[in-house]
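*Asks:* Sharing a structure below in structure tokens format, with a few things to ask.
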Amino acid sequence: MRRILVVNDDGIGAEGIVRLAAAAKNLGEVWVVAPGQQCSAMSHCITVRGSLQIRQEDFPVPGVMAYSVAGTPADCVKVGIRHLMQDRPDVVFSGINCGYNVGVDILYSGTVGAAMEALLNGIPAIAFSEERGGTSEVADACLLSVAEKLLEAGCAPDEIWNVNFPGCPLRELRGIRENRIPEKTQFYMDNYLVEEGPEGGLQLSVCGIPSKAAAPGTDMEAVLERYISIGKIRNTVLGAKGRTDEPENALF
């Protein structure tokens, strides 16, 4: 039976991870290891000082072993693989993230960071995200079939799958766009509410503005036009290629 480790960056209490674990149950044995707190935009951050507190949790999906970790999404992957699961997972599912992970936002994403940590451990991974504030109809209707197709297709050892579901009603879904490349800008454009701080100085609150347009062929264009976006993200360390015909000390 396939062993699936399910992680996220929104925390063990997020409804997205419950839905992902429930869908994953149709594909194999499921373990959930997630942060005990909100960890969005943690990227591939790991804990290097202090200790990681781990708790077994009651989880609303029957037959799923679940743990919370007082750490980052990448920590959860490390802990799940090395200390909690009896056997190594065959695949890691990360998500379902509340908010798209497209364009430059991919670099900030704890959801994608967790999937990349799986890759560093030689385990294939899929990152799932959906529109913040939209309906979950498309993700709930299509996630399982998309996951099955991607597991069957496989991915290069230096790549993960990145899946984004539009937040439109299912009847408005226009289809699936594959091989999407990341947009070169952020989906959630930088914007800050500036106020006077309670003790002087400035107080800034993040309130990103969603993009309304994107370049053709990109992940952002797909979701804006109500398509499911599927693309691959390559780990540039694992996939690094150098030229051996150049002098070793060509610059210095």
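Even glycines carry a Cβ here, placed using N, Cα and C.
Predicted, not measured: the structure shown is a model, and the values here were computed from it.
Straight out of TrEMBL:
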- 4-180: domain 'Survival protein SurE-like phosphatase/nucleotidase' (DOMAIN)
- D9, D10, S40, N97: divalent metal cation binding site (BINDING)
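Can you tell me where each of these features sits in the structure?
*Replies:* Secondary structure from DSSP puts D9 (divalent metal cation binding site) in coil.
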*Asks:* State the count of C-beta atoms found within 10 angstroms of the C-beta of D9 (divalent metal cation binding site), not counting that atom itself.
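*Replies:* There are 32 such Cβ atoms around D9 (divalent metal cation binding site).
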